[in-house]
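The structure appears below as structure tokens.
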């Protein structure tokens, strides 16, 4: 571009000094390494608050804004008091103050707000020299981890896992098919069948845990403190239902530490016509590297060997099942049927144990069991039987009369009349 052309462009772009000023042929090293100017708005996301620092030269034009024209968030929080000589304006607010919005994502907690510059006329003037501006602000905090800058003392598991242990443990008790491959779709049984139960805890990101069935009770309603009731598991994991004529037992080995499977021979309560039961179990967990003991065990009774045996752990932890005293009395969640309410247990985390219920289990009577119930046939069945017998009698009578008429007709034949011989 020649001098004339350059001068012509300068007139068109009057005030564009960058284009019209002469450019040196050398490279100024001091300009290259000069530190860049800090941003006009800086945000510091602290543990419990956010600190916003605003340069009074917000627009970079050299014209300073007034602190009174700045607010933070939907609640229009005002800045901290500062001297007129300060070159910055500061805000310091809590994460849940000033109308800050919290959003929860898969990996982070996001607190969002905005810085508002809303200029107002100064004095009696009705003019503005700066524009209205809104600057969005966000603070991201990871959901997994410690946001404090102070060192933490480790608990029995890492800090991150302790939080999960209080939020992510989900206990369940389900009816399973005989081969344990899937959940049983229909809760119907016949007396003499065997119910396959699977207790499980979903640990999420927790450290590995081992699940135990501490206590189980069968009742006619989901309220396991009502009568009648039948104890299936007692004494911190002793499957006492196997002591009777039943073959109830825990399945060994486990498929996984967080799963415990066991079978119960189905039954119904005598002198009750509902033919259904609910099973409520108290489940709890321990770290998987903890050796089972008398308070945390799964023991079954073998009639062939006449002794108790654990699913895992030392054999002697099941000896207390025969005595009915395992560990310190009152430590387990046991039902006080006299008082009709559960006895509370002292525990460190509420979510390390839970009460879960499955049911109703519905029992269908077998066809050959009707005669065993005694002479209690219902009147509709009697009337139906009499009606069928009457119909069959009338049908046989009609058949006999029809055959008799045909035999008489055959003994006296009628000859057809011929037109001519």
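Any Cβ shown, glycine's included, is placed from N, Cα and C.
According to Swiss-Prot, the protein has these features:
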DISULFID  45-139  disulfide bond
DISULFID  77-98  disulfide bond
DISULFID  216-281  disulfide bond
DISULFID  238-299  disulfide bond
DOMAIN    44-306  domain 'ZP'
CARBOHYD  124  N-linked glycosylation site
CARBOHYD  146  N-linked glycosylation site
CARBOHYD  155  O-linked glycosylation site
CARBOHYD  161  O-linked glycosylation site
CARBOHYD  162  O-linked glycosylation site
CARBOHYD  179  N-linked glycosylation site
CARBOHYD  271  N-linked glycosylation site
MOD_RES   23  pyrrolidone carboxylic acid
SIGNAL    1-22  signal peptide
TOPO_DOM  23-381  topological domain 'Extracellular'
TOPO_DOM  403-421  topological domain 'Cytoplasmic'
TRANSMEM  382-402  transmembrane segment
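Everything Swiss-Prot records as a feature, shown here on the structure.
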residue : record                      : Cβ contacts under 8 Å, 6 or more apart
45      : disulfide bond              : 111, 139, 140, 141
77      : disulfide bond              : 71, 91, 93, 97, 98
179     : N-linked glycosylation site : none
216     : disulfide bond              : 231, 232, 233, 234, 279, 280, 281, 282
238     : disulfide bond              : 297, 299, 301, 308, 318, 320, 321, 326
271     : N-linked glycosylation site : none
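Among the disulfide-bonded residues 139, 281, 299, the residue whose Cβ has the fewest other Cβ atoms within 10 Å is 139.
Summarised as a single figure, the pLDDT of the domain 'ZP' (44-306) averages 85.
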